[in-house]
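As recorded in TrEMBL:
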BINDING   ARG38  pyridoxal 5'-phosphate binding site
BINDING   ARG60, SER61, GLN68, ARG276  substrate binding site
BINDING   ARG234, ARG361, LYS426  tRNA binding site
COMPBIAS  436-449  compositional bias 'Polar residues'
MOD_RES   LYS247  N6-(pyridoxal phosphate)lysine
REGION    427-449  region 'Disordered'
Amino acid sequence: KGKCPEDGWDESTIELFLHELAIMDSNNFLGNCGVGEREGRVASGLVARRHYRLIHGIGRSGDISAVQPKAAGSSLLNKLTNSVVLDIIKLAGVRTVTSCFVVPMATGMSLTLCFLTLRHKRPKAKYIIWPRIDQKSCFKSMITAGFEPVVIENVLEGDELRTDIEAVETKIKVLGAENILCVHSTTSCFAPRVPDRLEELAVICANYDIPHIVNNAYGVQSSKCMHLIQQGARVGRIDAFVQSLDKNFMVPVGGAIIAGFNESFIQEISKMYPGRASASPSLDVLITLLSLGANGYKQLLKERKEMFFYLSSELKKLADNHNERLLDTPHNPISLAMSLKNLDENNDAAVTQLGSMLFTRQVSGARVVPCGSVQTVNNYTFKGFMSHANDYPCAYLNAASAIGIKKQDVDVFLKRLDKCLKTSRKESKKGKVVNEISNSNTGTEQLED
């Protein structure tokens with residue numbers, strides 16, 4: 001049926017299935033005589049076993065989705081993977097999606113592929129409208145494709161950074177719709193930035209006949225992010241949305257899913273990919289989804305949401321204990337942020353030092369964001385980089401409840417963060433006293449001189 005099975009398969013069944021696919025590829029035929037330049041020969045048995053002897057990759061030189069006659073098994077694997085992944089995207093909340101394919105590149109390069117496909121449809125266009133999100137790969141995806149990003153600063157509403165819809169529309173009028181390749185919006189993001197106002201952006205794109213590409217990097221795991229995409233497509237225009245395999249399906253880095261509501265446009269993107277492609281990302285996600293089954297994946301989504309509420313409540317208690325606060329970001333369903341005002345006021349270096357302390361104590365993924373840091377990316381200078389705004393009111397720490405997180409992860413993180421905050425406060429106070437004494441001595445010496 002080309003759908004994810006309701007209940008997951010055991011490992012021996014999955015291996016039997018993969019071996020059946022592999023023996024359909026010509027390099028595994030008994031008595032095969034290969035005289036071409038690419039015959040699926042592998043020098044190492046270990047490498048062959050690692051790939052289940054599916055050596056030919058996917059696609060043909062002109063189309064990543066095309067069937068390769070001498071690799072029927074690998075081609076079938078590719079078709080099945082795309083079909084199963086489409087089923088999961090529908091299950092996760094985007095019911096009307098019509099087409100998708102797995103591409104063996106991470107999210108940034110997959111976005112670039114979408115932009116390059118649009119180039120042929122809009123030859124005059126040179127700008128991409130981009131509501132600011134401080135993440136390098138999505139910014140560089142536009143530069144790599146040869147376009148000029150038009151950065152739209154976010155609006156501060158309470159603690160949240162939200163899309164400035166009025167600024168987007170004004171910029172479209174100034175630049176001219178025909179000169180704009182697309183609007184490049186974002187769903188999943190680090191708090192206090194929240195998902196873009198996708199419905200309003202989709203309506204603007206429909207009204208001005210401008211394509212709309214959504215960076216949905218780790219949004220598949222969030223029913224809210226997927227609902228925004230579904231609603232955006234219902235009321236306006238969304239041409240494609242791109243999501244990472246590793247972030248949403250717990251597989252190794254190296255793959256993404258490009259999906260959309262117009263099958264012919266998604267096929268155009270797949271045909272833009274030059275040459276054949278590695279089957280590894282497709283193989284990894286197919287094995288994972290066959291192992292989990294639809295019910296197993298739904299259970300992971302349920303657990304992630306439960307852990308988000310647990311992390312939120314426990315982080316709020318910890319923040320209160322340290323005279324800080326959990327920032328109020330109700331529109332962000334994955335990431336949380338806790339203020340670090342006390343550290344920032346005592347010592348500029350204390351905030352970044354806290355990040356180092358957490359990392360050396362094996363806390364990964366938590367981001368510490370100081371005020372006023374400046375970063376240049378491809379000759380574009382961002383003030384307040386990592387905070388998604390030029391002047392966010394306070395320094396803060398990020399933590400996320402992503403798919404696969406366990407209660408133990410949350411409890412250990414909070415325990416280590418508590419200890420680090422206590423240590424940081426002691427050291428920053430000590431440093432403040434030393435500075436005051438030093439300044440006092442300097443003043444006395446000047447008077448004596």
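Glycine too: its Cβ is placed from the backbone N, Cα and C atoms.
TrEMBL annotations: computationally assigned, not manually curated.
A quick note: this is a predicted structure, and the numbers were derived from the prediction, not measured.
Note: the substrate site is recorded as ARG60, SER61, GLN68, ARG276; in the same chain, GLY57, ILE58, GLY59, GLY62, ASP63, ALA66, GLY275 also have Cβ atoms within 8 Å of that site's Cβ centroid. The two recorded residues LYS247 (N6-(pyridoxal phosphate)lysine) and SER61 (substrate binding site) have their Cα atoms spaced 29 Å from each other.
Counting in whole angstrom, ARG234 (tRNA binding site) lies 34 from ARG60 (substrate binding site) by their C-alpha atoms. Binding residues for tRNA (ARG234, ARG361, LYS426) extend across at most 54 Å, taking the greatest CA-CA distance. Of the listed binding-site residues, namely SER61, GLN68, the sparsest CB environment within 10 A is found at SER61. Of all the binding-site residues listed here (ARG276, ARG361), the one with the fewest other CB atoms within 10 A of its own CB is ARG361. Taking the Cα atom of each, ARG38 (pyridoxal 5'-phosphate binding site) and LYS426 (tRNA binding site) are about 64 angstrom apart.
Look at the recorded positions ARG38, ARG60, ARG234, LYS247, LYS426 and count other Cβ atoms within 10 Å of each Cβ; LYS426 has the fewest.
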